[in-house]
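> Pasting in a structure now, in structure tokens, and then I'll have a few things to ask.
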């Protein structure tokens, strides 16, 4: 079926040209080797000319005769015979050497590797942890991971997805640790993808996640190699997509979204304190506006006089229902955020000032929104940005809306019911067969040491069991000196 | 998909039992036991706890003979297919009625305390919809949720401790035992109704991992927790309110918090009730689950059964919740519960002994 | 998918029709003080202070309170009448103070308070006080700045902390009213001048009725000690010897009270002895400044004086038929058979109450 090379050079050349739709960046270099016509084909844009010259063309011209794979001085020389294979090699940045009278062509890897240098990821900053970040090149990313776990057990499974884009996707896991059933399931799901183009890890996440209708992110994106590796050693699977600096980690639990690398590099009490603050922030960002709405429009009895009077005063002359107030303020906030996020920094700052100061105070002075509501929304917004992973903060803000609606319709009862449903949903969620809300539901006391609190590092003798690693123990001797 | 493999751990069973038992009954419990047992209401509850302990032992004896069967399967095995079906229908009705009584009472209390004008059907729709949402998934997920919900109860206990600062008068319960044995027993009878839910064991047993050993310990812990929690709360109410006053108050537990006031927050009873919604709902969830298991048996139609039962519960909650009707309903349920919870398991245990003897006699 | 749509529609219709129980805070008029009086025609007259809050911008606000009156034959209709007088809904949940005129209180207070027990919105942590003269006169006192209800509330709370007023709120009043063999003490307010009110002492209640007898602040401090209800410290001043102009100001730090009850089962005589051991500090003792204090002698003097006063107090209590110690309750639980035979309303007067106070000086301040 597949078109094979023939002995005729010109014929082969035409076939390849046709395969590439007569593209004009397919360059050729004619030469004589072994007294035969010889053509070197390469995609002009994809190869490093210098390498091509020194490792391929120069040796061939010098040797004049011999076996190609011995003559060429590159690391990767391969003989291929089908047109499609040649095509894919060319697209990877290899050059192809065709020789008159041979049914085989040699591909030599001389790819141009232009990639961004390794920098600190902008959206996952840290103070006390490593400052390197993943980049767009999958090779570099693998390098960053391999450098951190130098074990023969690190297995890379490679896929090429996307009919048009032919994106390289790598599944990375520790063969002796990751749960094999789960790995098989992930492989099954990844290999079942058949699309035209696959450009980012976000798409692949949506293709393989269990519960697309859930507001909770079920995979963790990270640009931090240290973070990725720490999950790798918990027996989780990484998914790298070429051209995307964000690495997907799966299966993940709810609590992973509230862990930050810095926690482990601070003293454990400090780490624990920050964890608690973060969970508090999550609760605040979901509930606070709702509780305020419920109190103001239903249960003002719960406020003692002092607070009640000041709230009452701030509400005077505000013509809107507190729900409308909260809703519009949240929308305004999202608008400000969206507006400033993609603008160059100086303009974004201006918008921040205009939005925060001008709108914030003017809206109160025009008594469209009450003072207390501005305080509440401000607090909510800040809390939702506390989450170390942006997605979770956003999803918390999003979840705030149904809770607000329920509070506006049914007061405390509505809040209780919606929160209960959210917790039920969390209990129901499973990703790749692993419970999402572990270690709280199901309760695993031993795993609690690294969720709401961060126990001292030497207490973490066992790794979290939420992804059912093949063996649990991860520390053998930590403070052994103490016993002697 | 994994229907047959679904199992829960003993710890989860413990929490499930606690959550099923603790619910709406607590709020009015001090009033109910005080009615007959006066100042000795707390003894009534302790006694009810002892009775439940005996019942649990009987259940375990019965269940150990059939480690892989639910109550409905056991009845069929012991009573034959036809009689078994009749009994199972009664059990099913018991669960449905208990579930709907709980729902009606919950709506009633919410209407009285939180939302006086909101139509009952809205409240019941939301409660039942959320119950169905959780129940359609499997027992394991239910157990997970119940474990989390138990943490809430711990929060509630912390809030309860606040009421210790209300003036207390130990004289209200003195002299201990003055109500007399008969009245204390009558009080236990009322307390038992508030502590129902342990019969869930009859259905959960086959799903527990390692159900051959250590089950007694687990269920005893559950019973111990519930009994001591109830006794504690009742005791608090008994020493806080005078007997005549307690006699008048519908939900004394809420009044414990109503008298408290703080700089940051007033009317703790509203907050307590809002949190208490969760333990109340978990009881309904469990009864919905049990009714659905009853209806579906070992067939795979469990999900449909849950939805059907949810609709039935919703329809039943339209029964107007006046004092009179709820009282009669509670009476019927208590009558049914004595049959199902006490009489039936004892009968089955006896029968299983007889059958075994006859069989072994036959072999010899 | 269709199921989802259905659910969505239901939820939307729910939302559209929703908000049944909404009571906007903005529309509420808060009542912060209520006074009940009995008019000469035998009607109930209620005087209500509602708060009018006016924002001045920048978080500043003025609290102005408005006086409203309503008169009905029974207390039941008063709420509606008040409601018709104010803008928006009346919210009684923030009324911190309920004043009851002495004439009204003599007819019983339990019926007046019933509304607060039953209502869903009622706050039962409120304070109740009896007024000398009409409640209206006290609550309509115009003092500067702070609304009068706050002033009264703060005064009462201050009195509770200084242990000369009993710590009672509606919830504990309710409990005590429904307890047999135990009576209530309530703060007693009076209007001194049209701009000034003060706490005159405690009113002694006989059941739910005001007995007409009151105790002064000095007496009530000692009474509260005898009831074992010391909050933090309790200050008293005593005149030890009028002739020598010898007086002292003491503060009680610790109380040990022993209430013993003996019942003669034959004739039903009840004897109660209240043994009070106080640990006190001397705040001021201007007598004999040139000598050190003879602690033994002084403490004996104080003990004698306090015992004398205590006896006076118990006599007044028995006249008022007010049993704040719960002697009756104690009898009913320890001697239930005797209790059956007793008619406590009459028999309390025949109880022999023997108070005995012993003091120990533990602090004398910076000088000996």
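Even glycines carry a Cβ here, placed using N, Cα and C.
Bear in mind that TrEMBL entries carry predicted annotations, made automatically and left uncurated.
The structure displayed is predicted, hence computed values, not measured ones.
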> Taking B:249-269, B:270-290 as the choices, which stretch does TrEMBL tie to transmembrane segment?
B:270-290
> Give residue numbers and ranges for long-range contacts of the transmembrane segment (B:12-29): same chain, 6 or more residues beyond its ends, CB-CB under 8 A.
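Result: 45, 102, 105-106, 109, 142-144, 146-147, 149-150, 153, 191, 193-198, 200-201, 204, 208, 218-219, 221-223, 225-226, 229-230, 233-234, 250-254, 276, 279-280, 282-284, 286-287.
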> If you count every Cβ pair below 8 Å, which range out of B:145-166, B:221-241, B:332-351 shares the most with the transmembrane segment (B:83-107)?
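Checked against B:145-166, B:221-241, B:332-351; highest Cβ contact count belongs to B:332-351.
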> Report, as numbers and ranges, which residues of the same chain sit near the transmembrane segment (B:191-209): CB under 8 Å and 6 or more residues beyond its ends.
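For the transmembrane segment (B:191-209), the sequence-distant neighbours (Cβ-Cβ under 8 Å, at least 6 residues beyond its ends) are 6-10, 13, 16-17, 20-23, 25-26, 28-29, 32-33, 41, 44-45, 47-49, 51-52, 55-56, 59-60, 63, 67-72, 98, 139, 215, 219, 222-223, 226-227, 230, 283, 286, 290, 293-294, 330, 333-334, 337, 340-341, 345.
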> If contact means at least 3 Cβ pairs within less than 8 Å, sequence distance 6 or more, would you call the transmembrane segment (B:270-290) and the transmembrane segment (B:221-241) in contact?
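Contact between the transmembrane segment (B:221-241) and the transmembrane segment (B:270-290): absent, because fewer than 3 Cβ pairs are under 8 Å.
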> Do the transmembrane segment (B:302-320) and the transmembrane segment (B:119-136) share at least 3 Cβ pairs closer than 8 Å, excluding pairs fewer than 6 residues apart in sequence?
yes
> Under an 8 Å Cβ to Cβ limit, what residues of the same chain, 6 or more beyond the ends of the transmembrane segment (B:119-136), are close to it?
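Residues packing against the transmembrane segment (B:119-136) from afar: 103, 106-107, 110-111, 142, 145, 281, 284-285, 288-289, 292, 303, 306-307, 310, 313-314, 317-318, 321.
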